[in-house]
Amino acid sequence: MKNENTPDQLMDLDYPSWSQDSAVPVTRKEIRAIFDDLTKKFGFQESSKENILDHLLTQLDSRASRMGALSALISLHVSYIGGEHANYRKWYFAAQLDLDEEIGIQNMQLSGKSRNRNLKMAKKRGVSIKQQLEDWKVKEQEFINNHRHVTFSKEQLRDKNNLKVADYKWKTKMRQLSSYEMVRQLSLYLLCWGEANNVRFAPECLCFIFKCALDYDSNTINQPVTEYRPLACYLEEIITPLYNFMRKQSFRMNSSGNWVRKEQDHKNIIGYDDMNQLFWYPEGLERIKLFSGERLIDKPPQERYCYLKDVEWSKVFYKTYFETRSWMHCATNFNRFWIIHFAPFWFFTAFNSPVFYTKNYNQLLNNGPTPQSRLSAVAFGGTITCLVQIFATLFEWKFVPREWPGAQHLTLRMIGLSFLLVINVGPSVYTFGFFELDTYSKSAFILSIIQLIIGIGTTFFFAVMPLGGLFRSYLKKDKKKRRYISSQTFTASFPKLSGRSKWFSYGLWIFVFLCKYIESYFFLTLSLRDPIRVLSILDIRCNGDKLINTVLCKYQSKITVLLMIFADLGLFFLDTYLWYIICNCIFSIFLSFSLGTSIFTPWKNIYSKLPERIYSKILATNEMNFRLKSQKLTSEIWNAVIISMYREHLLAIEHVQKLLYQKADRVTVDAKDLKTPTFFVAQDDSTFKSVDFFPAKSEAKRRISFFAQSLSTPITEPLLVESMPTFSVLIPHYGEKILLNLKEIIKEESFSNRMTVLEYLKLLYPSDWKCFIRDTKLVDKQLEADNIASREIRRLVNLNNSQELLNPTILTESGKIDESDTTGNSKVDPIFLDTNGESFWVNEKIKDLPLYAFGFSKTEALYTMRTRAWASLRTQTLYRTISGFMNYLSAIKLLYQAENPSVCTLYGADADAIENEFESMAIRKFKMVVAMQRYAKFNEEELEATEFILRKYPMINISYILEEFDQERNDCNYFSCLTNGYCKLDEDTMLREPVFKIKLSGNPILGDGKADNQNHSIIFYRGEYIQVIDANQDNYLEECLKIRSVLSEFEELEIDSAIPYIAGVEYDEEAAPVAFVGAREYIFSENIGVLGDIAAGKEQTFGTLFARTLAEIGGKLHYGHPDFINAIFMTTRGGISKAQKGLHLNEDIYAGINAICRGGRIKHSDYYQCGKGRDLGFSSILNFTTKIGAGMGEQLLSREYYYLGTQLPIDRFLTFFYAHPGFHLNNLFISTSIQLFFTLLNLGSLNYETIVCMYDKNASIIKLEEPLGCANIKPALNWVSIFVLSIFIVFFIAFAPLLIQELLEKGLWKSLSRFTFHIISLAPLFEVFVCQIYSSSLLTDITFGGAKYISTGRGFAITRIPFATLYSRYVTTSIYSGLQIFLMLLFGTVSMWQPALLWFWITVISLCFAPFIFNPHQFRFTDFFIDYRNTFHWFSTGNSSYKRNSWSTFTKITRGQFTGYKRKILDDPSEEGTGGFNKIRFLNVLTTELLMSFFYFFFNFTAYMFINSQTGVRQARPTDSITRLVLVTILPILFNMVVLIVFFFISLIAGPLATYCKIHIGTFISFVVHALSILIYIIDFELMWFLQEWCFCRTLMLLLTSVNLQTFIFKLITSVLLPKEYKNNKSHLAWWTGNWYSTGLGWSIILQPFREFSVKIMESSFFAGDFFITHFLLYMQTPLLFFPFIDYWHSMILFWLNPTHINKYKRVYSKKQKKLRNSIIKRYFLLYILILLSLLTLFIVPFFAHKFIPEPRKVFENITFLHDTVQPFKQDNNDTGPNAPSTILRAAPPMPVFKTVN
């Protein structure tokens, strides 16, 4: 529908370049007629027609402004329809529509089932497909013969499927189009696009619809129209059926008639990409069937549009790629990554591990292997390479269905890989299978040499060659068949690198891997050589276990070697990323020097030459028809920038006066009369006397500094404002804060806050606040003066029958102002009073107190709004974003004014006319669309804030979704609406009426929200380019002045003189179109505390340092903000983001991948920057981290990663990999390497139980070891230091980019000071924790799924978060792992201490305590113990009634990840926020949970068995270590089972009675059961000491093994045996209360108690564990509570504020509150100390128990079973030296001699 706010006729003045061009090919009136005709013909909506008409005319006007009307039309048609890079043309040839028009798809030789159906239908029609093709080839040859311009090379003649003839025909057809037909085609395409709704995400589907519509229109254009289609017919008949299919894939209608999301994973959803890829191939088009069973392709092309409404889409679409939740995607997509690491690691390690393939190796002889054995063993790396490729191919078979025409023939590849595998492994079979290890064979030796050459060659070939290019490839265009041209076009049209970029890309990766391989070999591999040698031959003399004898203990050293090799492999992977970071930084430094963006380029004279550069680079001086003095034009620009900063309260008036150009006191009027500020010289001249041009730590100084520096870099020359392209800024908004309200600013957020937001802002921006106060005073004085003058004038004029308005003041006879108004109240500002006397100044100070405190002293809306605006402009609000980017309007007006002084001459003194002229030009060139999805549902506060923005900036457009209930359909109608500040305001709803109101097929939000919001709003953008902005960004006037240069980076501003549609002409190859232009980001939240600065630093380096290099070497993608987008390129290719729920969580990056795969380039602009806010608090930063990590998990499953990973050239692949998934996998490798610290357990047990040799690293290895029979494990112990050092370097390399970035742009001092601040503020602890969160979120998403958008919250982190909240949030992701490492590290420290282990202690502190260290006011004494009380409540609540924030709910949600949830819903509050229904795939649980848990347990178990095997003890009786382990593991479980059974029956009996008496029986019973569980675990711990005969090391090992065994058992039960969970917690409450009858669970109530019993057994153990862990964490923090002024120091570290400032703000409590708090603190402090003393006693007592029970074994001396479960301690295990067995060699044996055969 069309709203009355839309003018009936669009004025020519709105599109002057198009409408006022005398050579305009199609007039505006004719264009409107075309739109009217198409609307009636196809049934488009009237409002959509008006919107698209404005859209097209704006684009035509934009291009016509720089190239003329005809060229504008042709170029637009080239971009949309007919050009080389037009997506429609690419699709037309890829889907072989040219052949369809020639012979019909039904007569083509297709593949698969389509081929059979075609043959069947041809037979039915009585035609021969083969004959049809032969006839067509004859006609093609005739065409070639008749058109001599069609010439072929020899290669093209051999290629029967060459597209040259088709291209000739295409250009001929395009050339024959009249201007009218071009406009009609453009109009039809845009009208189809404008109402396509979610189908816009499927661009080739839209191309197909357009093709059908175009054929229909072309066939009927000259026929009289007898019947017009009704309005919205296109929507209802064409788009809505497709939308309904899309919706049904992800949603289902419940019993209430509401659409609810299906709980199914991506592999079961036919998504946008699956639908779109159907239209890539003729085989897909052949599948389209009507409800009648007929095929659409059997209809004539001109009739197909009429049949589209009858297509049965549900039987057409199918999955074209399975996004199965599995790590197997990484094997296929990143196969070259694995080859590059696995094979070289094997080469290096195998070469340096001869002990593995040397027969009877003896260290005293150091005898070596046979030559062929060593060469063949090393060459086996080629076999590993082949195996990687084979697995990658097998997994590709699983992910890419064979029925999809784009699927490659994998059979041929598998045959080739199998052949290479045989060639690589065959010589090893011959060498090791036919000859003994001590037999030398000449033939085997020669074969092993050949094998090594083949192995290295195979590895190199497979490392370089993309998987998609093996043996049979579609990566090259126009090869023998057209079958794969679609895949090549849409997934592998990567823009080529050339020149410097190409050599930069090659050089970077050659440098990275050269350094990496050299360092890895000498630092990692050689450090492992000696440990492998000594541990592989170590003779362990152990007594073993009673049950399994010496089966495990004698292999302990070999198990340790295996773990060390795994750990070394992890470091081998990490090294590459380390060198990537280093080399990337180095290359970025070179680029920054070449661009002049570094501070170390003093020859640029950035300040002294700034006026000259403003004139030459900001102004289009070369384009202007006149010349003015440069100083005058420069002064206008410069003064505007300075004044804008003054208005933003960044500069005081005294600073402004020093910075402005000012008129000199001269008589003559000349440009020389302008006095240039000394600032320009002073900044570059070190001898100049220092002058304070800016306030301290001024934002204005930073901005001007970057402005000056950026203009010293190469910048493209700008066009005149009149000629610049039109562009739009698009800002998606959902629930982000629009404008801070007064309560948020001046009141504490919660009782945990110590200061208000305003108080915090005043501390952060003290100079800004002073400027604001001064400005407020001036405003107040001005308003007061205006008010007085106004009242007096109205009294004198005697308006309205002498009734004085506004209570004017009365003038006395003496002319003085009477201080009283007509009511007798004083209304005069004290500024007008006599100021003599001291009382005046006192009164002034008192009066100003509220002004300095709140920013206003009067409560009028004007003053409060000023404070709200000031605060909102310094926080992350939408108002700040809009205000910043509306500077484009000011910048364009300013530039237009400077470059067109004739405008002022034309209008003379008519200031309004001049302003209107400037305003019109700015609005014509710049548009802003705020995609306020929820505008129609805003609350009163949001509406008030939005209305404030609309009144201030009425020209901005707001798009939103409107829902209207349809009584007839009993359903909602959805509309995309657009409004602005000029529209009428509805006083009832407080909403602006819409300009456009376009009906949708349904709710457009089918995904995570943001991409859908952008998609529904994209139809309202105007112009040629879009800048996509988030609602937490900012922009500045001086940056907006560069907009013309930034837009010219798209390389489309130059007029191409070549006519594009001339058939037979060989055009020069066009450069790939620029799809994105990225820009720098200044993170304005830096310096707001350590966490804010860390987050800012990461974002800054990624958006600048790395983006610079990535853009240069073709690896940069689109990250959402503040990138500029080639609107036509992207909107014709699926839009600016992707929107499938979950899968496209990081929606922006997919648009970048899409652009790269389809041939678009992505550039980066280093001279332009926008402001950007980042998260500031611990939890908000980690929420963002979790979102990014989970989003990467989804990306790994996506088809886009498959395309890039298997098709990019090796250098581009490595760039893509390490810039994106490599970063996250690197974090996972770090976490895995830390977990591989199980090596420490095995090494520690070896060191603890054996007699270690005296070690001299300089001695010969053949020297006899002393004492005789000792264990030479010193090299292995030394290796631990190298392992720890490597992990340490990898962690700290995270600081290198920020350090280098600061060094380049701010100098050495700033760089070092910021780095030092980070170190002092404990930033390394945060970095370690963030790494763990990244890896955990990635691992969790791949295993469980459930990735979703997490609202991070971007407010100031000044609120203390409760301990229980932090614990429940991070215990599963980090704290559990940290405590496991803590126990291992404690064992390692006791058993094999070395200084290198200190770094791991720092890691433990980070993993366990980082959430509390970075929690504001965590160590305030009173808050700490009140928090302790709340933690107790968290543990105990939720057992009688539902509590969202309780331990029971937390445990259930954690368990639900494994079990999934049942669909039964009772509409109970406990069902909210519990996750999805699906149970995760068992294979996922098996690989990532069960196998990993078993892995941890097994290697822990081997260390446990060895440390209890009585190594070296002579004639010892083996103990029963396995029984001991089982006993301490099962005992608490059995005890809890008994307790739970007893109390279950108690609850059944007492529950109903307690309910009647209103007693919380559930809380009481759960308390008793959990208390008994704690007690049994304490007893169990003491029993461990007893059974290990008071030995701390062995007790610790038993504790670790028991915990790992119990964890594995519980995970196994939860994953395999437990059925799905109910979403509600009725059964949980029923267990404790006995109230089963009212649960509402139906017949399942019979079996539910048995399930709940199993759950409660595990919960009892979990409760005890969490109880001990929470108290351990709290007790470790206790000493800090008594540190003097700890809260001040802690706050200073977190907030980077002066302690005196922090100390000013204290919360005031009432007497009642104080009394209550003191009571809580006293009671819980006593409880806290009591539990502490109890636990300390129970821990310390066993250290002294040996004095009372010295030999626990004797207690059970007569009970053999129990006697053997006790481990003896302090035995003599020294069997070395004189006690060494006779089997130990005392001297070197004879050197063995190789047997020789041919």
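Every residue, even glycine, has its Cβ placed from backbone N, Cα and C.
Transmembrane segment is the annotation TrEMBL gives to one range among 581-603, 1064-1086, and that range is 581-603. Counting residues 6+ beyond its ends, the transmembrane segment (412-432) has Cβ neighbours under 8 Å at 357, 372-373, 376-377, 379-380, 382-383, 385-387, 389-390, 393-394, 441, 444, 447-448, 450-451, 454-455, 458, 470-472 in the same chain.
With respect to Cβ pairs under 8 Å, the transmembrane segment (1725-1745) is most closely packed against 1591-1609, considering the stretches 1490-1507, 1591-1609, 1629-1650. Taking H, G and I as helix, E and B as strand and the rest as coil, DSSP gives the domain '1,3-beta-glucan synthase component FKS1-like' (180-293) the counts 73 helix, 8 strand, 33 coil.
When Cβ-Cβ distances below 8 Å are used as the criterion, the transmembrane segment (1591-1609) is approached by residues 1241, 1245, 1248, 1380, 1383-1384, 1386-1387, 1390-1391, 1490, 1493-1494, 1496-1497, 1500-1501, 1503-1504, 1507-1508, 1524-1525, 1528-1529, 1533, 1581, 1584-1585, 1661, 1742-1743, 1767, 1769 of the same chain, each at least six residues removed from its ends. Within its own chain, the transmembrane segment (1527-1553) has Cβ neighbours under 8 Å at 1561-1562, 1565, 1568-1569, 1572-1573, 1576-1577, 1580, 1583-1584, 1587, 1598, 1602, 1605-1606, 1609, 1631-1636, 1649, 1653, 1656-1657, 1660-1661, 1664, 1765, counting only residues six or more beyond its boundaries. Beyond its flanks by at least six residues, the transmembrane segment (1397-1414) meets 1090-1091, 1178, 1234, 1237, 1280, 1284, 1287-1288, 1322, 1324-1326, 1328-1329, 1332, 1363, 1366-1367, 1369-1370, 1374-1375, 1377-1379, 1381-1382, 1385, 1388-1389, 1673, 1676-1677, 1694 of its own chain at Cβ-Cβ distances under 8 Å. Counting Cβ pairs closer than 8 Å and at least 6 residues apart in sequence, the transmembrane segment (555-574) and the transmembrane segment (1490-1507) reach three or more and so form a contact. Packing against the transmembrane segment (1490-1507) from elsewhere in the chain are residues 540, 542, 545, 548, 552-553, 555-556, 559, 563, 1235, 1238, 1241-1242, 1244-1246, 1248-1249, 1380, 1521-1522, 1525, 1593-1594, 1597-1598, 1600-1601, 1604-1605, 1607-1608, 1611-1612, 1615: each is 6 or more residues past its ends and has a CB under 8 Å from a CB in it. In the predicted model, the domain '1,3-beta-glucan synthase component FKS1-like' (180-293) has a mean pLDDT of 92.
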